[in-house]
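First comes the structure, then the notes that go with it.
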């Protein structure tokens, strides 16, 4: 038990944390259940196995690279049985030899000298490192120091201070920036030997002021005019081992300086392929990571239309066809030439840059690149030859961060939020560049604006700042001090809440979010041809600030776009709570912490919609509340009613001004107000729509269920009498019956179109539920009673099952401890679906709950509404 106790740490308010499994429990019973569970027992056994292996193992080095595990095994078997040998996969210069028992290991260590094939072996005991369980390892893209991050954020004074602290913890240190500068200088020195006059420009995260630990090093190799005579790449001398080489290699990795060929003659195609085969694993394992640049989209945009031909050639079909063939042939030649140069750059990286490995040319990308890894610095990077536009994208982002100090904290926070919710990354997800542009567009649409539009910046550019790249106007001031500061003084906490609220209701597919104009351009109405040339529309349309033919979110699928808006809606709902606005005096998570909790699996599950039965929406609302509160024992804190028609609102509607939740301080306008559409929501909302309402369930239950069966201020229980009354008030009618009836129109307009509940659970009421229900049914059968025949009887049975799972001291545990998890359940009348999204899930229980609700909710509503 002592070993188990050493893994457990006591937390405030009766909580416990298992450091071995990286799990936090709400109380002692939950801790005992965890310690007896399979996950904890398996990790305890794995730790014991690893410790025993370490005590039987030795570290061996000094043998040649051509020595294999079979030769080592044959040698060490002279001292005793050999259980396993692990070779160094990277360099092949060391091995871990696990002997069959401790006595064999002691025999190896007692030998004063070991030699194999004429080489002296260095043998020493294996270093005993602290066991790190797979559960405690951070998922890809998540900060490995999450606990330190959470502690630092919890100690901040307010949400704004949390956001500033997040920037300090995630940005590059000065030493990391200097290391990147050295790598760029090394690349510059090497490539200058082959391409005199070339310039290596860094762009992307390293220079756009949104850098994070471990971000890629994106480089643009500017070769100048390729048509000018270039020196013969076969004859130049190789760069000598300079101070840059020694700075990067000797201090970080003494074995990084490899022998380089005397000339590129030795870099034959065969040798290059062999080298690549040695450096690479599989192409799939080297999928490009999403950079913070225009390289982020893996999709290929539509090709530009051919230049217009003269009227004379239009009359000559043969001449036109010949012209097209000539252009196609010229384009093919240029592509082949660019590919050849790209391969040459890859060859130089492989053979002439110390410490570079895993070089891969990607000519098929939208912007062809050469990917590489630099062993001494641990950096991953890309080199592109035709991406000058990305330099100005990076400088534009840097200018935006200099214009207003709130830009960086907001971008860092939203990047971290999107990362933890599985919304950003590669493939169909948002890349960091697109997410950053989305934040800048949002800041352009505030009233007053936080940032100016790109068109306004172009007008304020000076004579020396007029730049055109690839036919696109990239003019903007270089010095932010020349620009007038924004008159917007809203705090960071308010801007973050507004972002979530606005994105949740923007029309992402029906409009084009333009940073140049600072407004949403409707897709249906058509745009000027110069804005549409080659633009590929999709479920999410976000225009590049300079290359107006590029949709930076073209790779985003409809599913990801819906999940983005759903997650923003859940986050906006949370930002209205006191838990977000005020620091907790009880030590519970507050402010940014619930938003930044790792929940990628949960967020993926929350995109799966739970279908609702065909019934009047008020009946469904009432039944859902009863299922959540009575059948499952959820503590329901609040509900949200979303947009509805103002003109059709009943005069007797209980939704008066007193029921509106006060707006956040400084949040004067949001996208729900419908005012100044270009400054707020991008969607084409009706003028009669009113702002979002937040109603406390205990204050206005009649508006939720449209029932008056219970006492005032209390949500009525789902009884047969209430169901009958609901059916009388809202009888089921065939689809289309009574269409256009004024009375029905008024009645339907008074109902909420979308309802949300914030729910909390203190017990895992979904685990063992089938077994508990089976026991109850057996007892009922033995007593001679039949099964439930009405919705009320079914509800009573499920409530009893829940109470049995919770235990006799459930109420005391609820008052003393924190909930296991909290989630938001949102019912939509238009889509007739229920969405469940996690808010707080420290133990990762939401996937199990969601799987249970997918089956339980439809069946429960069917039983209640039959």
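Residue positions begin at 1 at the first shown residue.
Glycine too: its Cβ is placed from the backbone N, Cα and C atoms.
The ATP binding site annotation in Swiss-Prot covers 205, 393. Sequence annotations record features per position, and here Swiss-Prot assigns Mg(2+) binding site to 216, 218. The UTP binding site annotation in Swiss-Prot covers 216, 218, 393, 415, 433, 550 and rests on similarity to another entry. Residues annotated as domain 'RRM' in Swiss-Prot, with sequence analysis given as evidence: 56-128. Sequence annotations record features per position, and here Swiss-Prot assigns domain 'PAP-associated' to 492-550. Residues or ranges marked as phosphoserine in Swiss-Prot: 686, 741. The annotation region 'Disordered' is assigned in Swiss-Prot to 116-147, 223-249, 267-321, 638-687, 728-755, 773-792. Per Swiss-Prot, region 'KA1' is recorded for 599-866, and the stated evidence type is similarity to another entry. Residues annotated as zinc finger in Swiss-Prot: 16-46.
The binding-site residues recorded for this entry are 205, 216, 218, 393, and the Cα of 205 lies nearest to that of residue 415 (UTP binding site). Ranking the binding-site residues 216, 218, 433 by the distance of their Cα atoms from the Cα of residue 393 (ATP binding site) places 433 first. Mapped onto three states, the DSSP output places residue 550 (UTP binding site) in coil. For the UTP site listed in the record, the two most distant Cα atoms among 216, 218, 393, 415, 433, 550 lie 22 Å apart. Helix, strand and coil counts under DSSP for the domain 'RRM' (56-128) come to 17 helix, 27 strand, 29 coil. DSSP states for the region 'Disordered' (773-792), grouped as helix (H, G, I), strand (E, B) and coil, give 12 helix, 0 strand, 8 coil. Recorded residues residue 218 (Mg(2+) binding site) and residue 205 (ATP binding site) have their alpha carbons 8 Å apart, per Cα-Cα distance. Each residue contributes its Cα atom, and for residue 433 (UTP binding site) and residue 205 (ATP binding site) these two points are 9 Å apart. Broken down by DSSP into helix, strand and coil, the zinc finger (16-46) contains 17 helix, 6 strand, 8 coil. Residue 216 (Mg(2+) binding site) has a Cβ environment of 20 other Cβ atoms inside 10 Å. Taking the Cα atom of each, residue 216 (Mg(2+) binding site) and residue 205 (ATP binding site) are about 7 angstrom apart. Cα spacing between residue 550 (UTP binding site) and residue 205 (ATP binding site): 20 Å, rounded to the nearest whole number. DSSP assigns residue 393 (ATP binding site) to a helical segment in the three-state reduction.
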